[in-house]
Amino acid sequence: MDALKPIEPSFPSFIFNAFDDFVNTFIDPPRKSSVDPRYVLSNNFAPVDELPPTECEVVEGSLPPCLDGAYIRNGPNPQYLPRGPYHLFDGDGMLHSIKISQGKATLCSRFVKTYKYNIENEAGSPIIPNVFSGFNGLTASAARGALTAARAIAGQFNPANGIGLANTSLALFGGKLFALGESDLPYEVKIAPNGDIFTLGRHDFNGKLSMSMTAHPKIDHETNEAFAFRYGPIPPFITYFRVNPDGTKTQDVPIFSMTRPSFLHDFAITKKYAIFSDIQIGMNPIDLLTGGSPVGTDSGKIPRIGVIPRYAKDESEMRWFDVSGFNIVHAINAWDEDGGDTIVLIAPNILSVEHTLERMDMIHASVEKVKINLKTGMVSRHPISTRNLDFGVINPAYVGKKNKYVYAAIGGPMPKVIGIAKLDVSVAEIDRRDCIVACRIFGKDCYGGEPFFVPKNPSIDEDDGYVVSYVHNEKTGESNFLVMDATSPNLDIVANVKLPRRVPYGFHGLFVSENDLMKL
C-alpha cells in the first residue's frame with residue numbers, strides 16, 4: 001500500500017506548524033468537498049511515493065519500435081498529506097515516466113525537485129501555503145498571509161527562489177526538457193538511460209525570463225521555435241515571448257490591451273499569429289480584501305479572442321474580437337486560411353464555466369471550430385462535437401498548421417476520463433455533424449487521462465501512429481500503459497503494459513524519442 005512520508009517537523013517549524021494547525025482547524029477548515037483532502041485525494045487521486053526504475057510486464061501485444069524513448073506524464077502529488085484545505089491543483093509535481101527500449105518498458109516516478117519541494121522536504125513539513133485552496137475569505141487569507149510572511153522573515157524560505165509546483169505539463173525545446181507549472185519558471189529535467197528521472201534545476205534562460213511561464217508553450221516543429229507567455233494579477237496581464245531553437249529567449253512583448261487579469265492557461269499559434277483567450281474566469285486579488293476568492297468567474301464579462309502577429313515586437317497590431325459564451329481553458333490547434341486573412345481555432349468550450357474550479361464533475365466542454373475573418377472582423381463558430389471532451393491533442397508535427405485529426409479525453413465526468421475519442425475536424429464543414437470517427441471506452445471501473453499521439457517513424461499520413469495513455473482500474477487497483485492504433489475505428493490496443501505500481505490520475509504528458517533523450 002502506498003504511504004506518504006510521516007511529517008516530522010523540526011525546530012523552528014514547530015511554532016509555525018502549530019499556528020497553521022490552528023488556522024486549519026478553527027479559522028478555515030475544509031468546508032467544501034472541492035478542497036477537502038479526504039475527498040480530493042480519494043481513490044486513484046491519492047498520492048504515491050517515488051518509484052525507482054522498475055521493469056514492467058507487457059501483457060498484451062508488443063511495443064512498436066517507434067516508441068523507443070519515454071512517455072512522461074506530469075501531475076499533482078502532495079509530498080505531505082494536507083493539514084487543511086487542499087485543491088487538486090495544489091499538489092507537488094510528480095513525473096511518471098515509462099522508458100521503452102527494444103520492446104521492454106521501465107516505469108519510474110519521481111518528484112520534480114522544485115525549490116518548494118526541497119525546502120519542505122528538508123523541514124519535514126509543509127511551508128508554502130496552497131494557492132488554490134489556502135485563501136478562502138478575509139480572515140483565512142490574513143492568517144495564512146501573516147504566517148507565510150513570518151516563515152519568510154524567519155528564513156524558512158525565500159520567495160525569490162520561486163514557490164511553484166511544476167505539476168502541470170512537460171515540453172521539449174531549446175535542447176532541454178522542462179517540467180512546467182504556470183506559477184513559476186520551468187524546471188529542467190533529464191531521463192537517464194536506465195529510466196530514472198533527475199531534476200537539473202530552475203531555468204531562467206540566462207536571466208531573461210522572470211517570474212513565470214505558461215505550462216503550455218507551443219513548439220513549431222518546422223522552425224523548432226517555442227512560443228510562450230506569462231500572465232499575472234498586475235499589468236501587463238499578459239507578456240508574450242518566444243524561445244529560439246538554440247534556447248535563447250527573445251524580448252518580452254507586454255500586452256496592455258488586456259485590461260483585467262484573466263485566467264489564461266493556454267493559447268494557440270498559427271504560422272502568422274498567436275491567439276489568446278480572455279475568458280470569464282479571472283484573477284481577483286482585490287476580492288481578498290472583501291473576503292472573496294482570488295480566482296473566480298464573472299458572468300457579465302464578454303469573452304474575447306486576441307490575435308497578435310507571431311513575430312510582433314510590440315502590441316501595436318494586437319486585435320481583440322468579442323466571442324460571447326466562448327470560454328476555453330485548453331486550445332487544441334489553430335491555423336491560417338485565405339492567405340492569412342482567416343484564422344481557424346479548434347478548442348473545447350466550457351459550457352458551465354462557473355464550475356471550473358469547484359465542481360469539475362459538473363463541467364461539460366463542447367469542442368468548437370471558430371473562424372475569425374481578419375478583414376471584416378466577423379467571427380463565426382460551431383460545435384464539431386457535443387460530447388464532453390477535453391485534453392485534446394494532435395500530431396505534434398501539425399502545431400500551427402491545418403490538421404484533420406484530434407484525440408481527446410472523454411469526461412466521465414471530469415476530472416475522470418472514461419475513454420478516448422478521435423475527431424476528424426474536416427467532416428463538420430458541410431453538414432455540421434458530430435465529427436467523432438473513432439472511440440475507445442476503457443471499461444467498467446477503468447479511467448485514464450490525457451491521450452498523447454506518437455507518429456510512426458517515418459509516418460505516411462497525419463494519423464499514422466499510436467495513441468498512448470495511462471489507465472487505472474479502480475476495482476483491482478492496477479494501472480496499465482495502453483498503446484492504441486490511431487488509425488483503427490476502435491483505437492485497437494497494440495500493446496498493454498502492466499505497471500508495477502499504480503499511477504495516480506494527472507494532467508499533461510509528452511513523448512520524447514530515444515534520439516532526443518540522448519541529446520539532453
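Cβ coordinates come from backbone N, Cα and C, glycine included.
Taken from TrEMBL as is:
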- H216, H265, H330, H508: Fe cation binding site (BINDING)
Sort out the sequence-distant neighbours of H508 (Fe cation binding site) for me: same chain, 6+ apart, CB within less than 8 Å of its CB, listed by position.
R73, N74, T168, S169, L170, A215, H216, F391, E450
Counting other Cβ atoms within 10 Å of each residue's Cβ, which of the binding-site residues H265, H330 comes out lowest?
H265
Near-site residues: Fe cation, ref H216, H265, H330, H508, CB cutoff 8 A to centroid
T168, S169, T214, A215, D266, V329, A331, F507
Neighbour count, 10 Å Cβ-Cβ cut-off, for H216 (Fe cation binding site): what number do you get?
21
